Amino acid sequence: MKYTKKSRILPTFEYEERLWRDDYLVIGVDEVGRGSLAGPVYAGAVCFDSRKIKNLEIEKFGINDSKKLKANERKRLAKIIKKTALTYSIGFSDVSVVNKLGIVKATKIAIRKAVAEVIKKISATYVRSYISCNLYLLLDAFNVTHVKSIGLKNQLVIIKGDEKSISIAAASIVAKVERDQIMSELHHKYPIYLWNRNKGYGTRAHIEALKKFGRCKLHRDLFLRKIIF
């Protein structure tokens, strides 16, 4: 991890560099919205090009765990990530999937979608340059089975990975910016819950609105039963 002038500890490419030396193409993965009371769960997948890292100097931009950044910082960094990454993708599972399968399975589905799309983009665009590379996932929370082209042996779960790996942190940023935008748009349909502010999470105002007005179709059944009903 890297220290800034303000003594903040920032993620680095330490984990990625170990794998790059063995000719792996590394994909950082993270989810957002897992603990929300409403809305979809999102996952981001970001792959940086090890051959251009020194030229891009990505570490200087201040990429960090998305939860530690202000909204305007996340938006700024999301633009940089999308411009400098080899490729990226975002997957999601909507509320119906969360309610039917549970949040863990829904999260893994979102992750599989994001990773599959990244692999598809790499295969379609960079096949000549990266045909010899093996794929490796860096994840923040848990392993994910049945990921196309990537078995469990090519996955590394890093505790608080979004605080340690730039690839994971970058994935969390692009996913959170996307999900926050969606929740802000949904706020216009359901303004009583103030999703433009809380993004579906269980803030006092959100819970008070639920108690006063009841739930809507975008709330998560199990989450509400456990917390307020």
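Any Cβ shown, glycine's included, is placed from N, Cα and C.
According to TrEMBL:
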DOMAIN    24-229  domain 'RNase H type-2'
BINDING   D30, E31, D140  divalent metal cation binding site
*In sequence order, which same-chain residues at least six apart have a C-beta under 8 angstroms from D30 (divalent metal cation binding site)?*
A43, G44, S66, L139, D140, A141, G161, D162, I168, A169, A171, S172, A175
*Can you tell which of the binding-site residues (E31, D140) has the fewest other C-beta atoms within 10 angstroms of its C-beta?*
D140
*Over the domain 'RNase H type-2' (24-229), what does the predicted model average in pLDDT?*
91
*For the divalent metal cation site given as D30, E31, D140, which other residues of the same chain have their Cβ within 8 Å of the site's Cβ centre?*
V29, V32, A43, G44, I111, L139, A141, G161, D162, I168, A171, S172, A175
*Three-state secondary structure, E31 (divalent metal cation binding site) (per DSSP)*: strand
